[in-house]
Amino acid sequence: MPATETADKNTKSANSDTSGRVVRVTGPVVDVEFPRGSVPALFNALHAEITFEELAKTLTLEVAQHLGDNLVRTISLQPTDGLVRGVEVIDTGRSISVPVGQEVKGHVFNALGHCLDKPGYGEDFEHWSIHRKPPPFEELEPRTEMLETGLKVVDLLTPYVRGGKIALFGGAGVGKTVLIQEMINRIARNFGGTSVFAGVGERTREGNDLWVELQEANVLKDTALVFGQMDEPPGTRMRVALSALTMAEWFRDEAGQDVLLFIDNIFRFTQAGSEVSTLLGRMPSAVGYQPTLADEMGELQERITSTRGRSITSMQAVYVPADDYTDPAPATTFAHLDATTELSRSVFSKGIFPAVDPLASSSTILDPGVVGEEHYRVAQEVIRILQRYKDLQDIIAILGIDELSEEDKQLVNRARRIERFLSQNMMAAEQFTGQPGSTVPLKETIEAFDRLTKGEFDHVPEQAFFLIGGLDDLAKKAESLGAKL
C-alpha cells in the first residue's frame, strides 16, 4: 500500500481551494464551510491553527458528516480551547494516518501517530491510513492452534487460540488490567514476536506503569504502544484502537509476522462512539448507545484476523457496566470472540486470583479434536464437579453441609480444593504479594487436575492448594502443613 504523507507535509502542500472556514464550535464538534465543489470526503483529516497565546497548536479534525450547503461537521481529536469562528481550515485530502514499520517498536504514540516519548520521531516513516478494509475472504485462514499461557485456569478450561480473539470480561475492580498486563508479561516473553498495545480510555497511571514494566522485563524493544487515555476527547478514544490495529496490520501483512494485539479497554471504544454519536445529534438506540454500535464494533473486529501464514492474536479487556452482561456494549463484543474469560466478583471476594469464573468462561477450541481427549476429559470433569458444588450451595446455606450425602460431601471437599488450585501467583502482582509468579506447563496442569478429580489429594489440607503453581509447589506446601502427596 502506498505511503501517505505526514500531517505537516499535508498542511504545507494544501492549495487555497482546499481550505474552509470554521462557522461553529460546540465542544469537540466543529462545523466547517468549504467553497462549492471542494467539500472534503468523510473521514478526511482537516487541520486548523489555534494561535491564541499558550494554547497555540495545530488542531486535527476528522470529517464525520456532510450537512449540505458545503458544510461539514467534524470531530476534533484534541481540545478545542482557543478555536474561534472564522479560522482557516485546511483539507489534507487524506484520512488520519500513523507511522508503520519496525522502527515504531519501543515507542509510545498517540491516536494521530505522534510519538510521545520522543517528539518528532516517526514523522518521516511510511504512513498508513487508520481506515482500512479487512483482508479479502479468500485470504483468511482459520486457526485452531492453542496458545499456552502457563496459567492453570486459562490453559485447562478456556484455552486461547493462536490467531484468535480473546476477551477478558469483568466489572469494575476485578482485575482485568492486571490480567492483561500478566498476559503481556507471559505471552510476549514466551512468544518472542511483536506486540502492539492500545490503551483506550483507561487510566494514564496504568499506561505509565506498563511502560516501566515492559522496560524492566526487556520486552519494550518488541512492543509498540498507542495511547488515548481517559483525559482525551471522545474522537481520540474512538480512533486510538484503529491506530494501534493499523500498526499491527503492517507487521502481519508487510513483515509477515505473527502479532499480539492488546486492547484495554474495548468498552471505552464503544463509550467514545456513543459520545460522538450524541454530539453529532443521532437518535440514541438501546440503553442510550449509538445506533451504529454493531457496525463500529464489526469494523474494528473484522480487521483483527489471521491470513495465510500469519496472524494477529488479540486480547481485549471488556468492562461490564454494573456487572450486567446483557448491556449492549459487552453483548455486541461476544459475537466476535474465540474465547471468553469472565472475571467474577464472587470469586474475587474469596481471594482467588486470577478471579476467573470457570463456569461462565468458554473457548471454541475446548474440543477433543483440538486439545486432545485427555485434556477435554479432565476439563469436563472439573466443570462437572464445580457445577454440582454450585447447585449444592443453597442446600448447604440452609441446612448445613452435614445434611448432604457422603458422596456429595466428598464432592464438595474436592470442589473446594479445585477452586483454590485454580488460583495462581502472577508476575504482574509480584510487587504486591512478594511471591514470584509461577508458570505451569499444560501437561502438568492436566495431570494435576486429573489426580485431584480422582481423589488422590483428598487428604491434603485445602490451604495447601491456595495461590501456588504446579505439583512441586503443592508438595512443598503440603509438607509444610504436615501432609504428603
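Keep in mind that glycine also has a Cβ here, set from the backbone N, Cα and C atoms.
Here is what Swiss-Prot says about this protein:
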COMPBIAS  1-11  compositional bias 'Basic and acidic residues'
REGION    1-20  region 'Disordered'
BINDING   Gly170, Gly171, Ala172, Gly173, Val174, Gly175, Lys176, Thr177  ATP binding site
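Packing around Gly175 (ATP binding site) is summarised by its Cβ count: 22 other Cβ atoms lie within 10 angstroms of its Cβ, all protein chains included. Of all the binding-site residues listed here (Gly170, Gly171, Val174, Thr177), it is Gly171 whose C-beta has the fewest other C-beta atoms within 10 angstroms. When secondary structure is read from DSSP and collapsed to three states, Gly170 (ATP binding site) falls in the strand class.
Counting only residues at least six positions away in the same chain, no Cβ atom sits under 8 Å from the Cβ of Gly173 (ATP binding site). Counting every protein chain shown, 11 other Cβ atoms lie within 10 Å of the Cβ of Ala172 (ATP binding site).
Each of Tyr319, Leu343, Phe348 belongs to the same chain as Gly170, Gly171, Ala172, Gly173, Val174, Gly175, Lys176, Thr177, is absent from that list, and has a C-beta within 8 angstroms of the C-beta centroid marking the ATP site.
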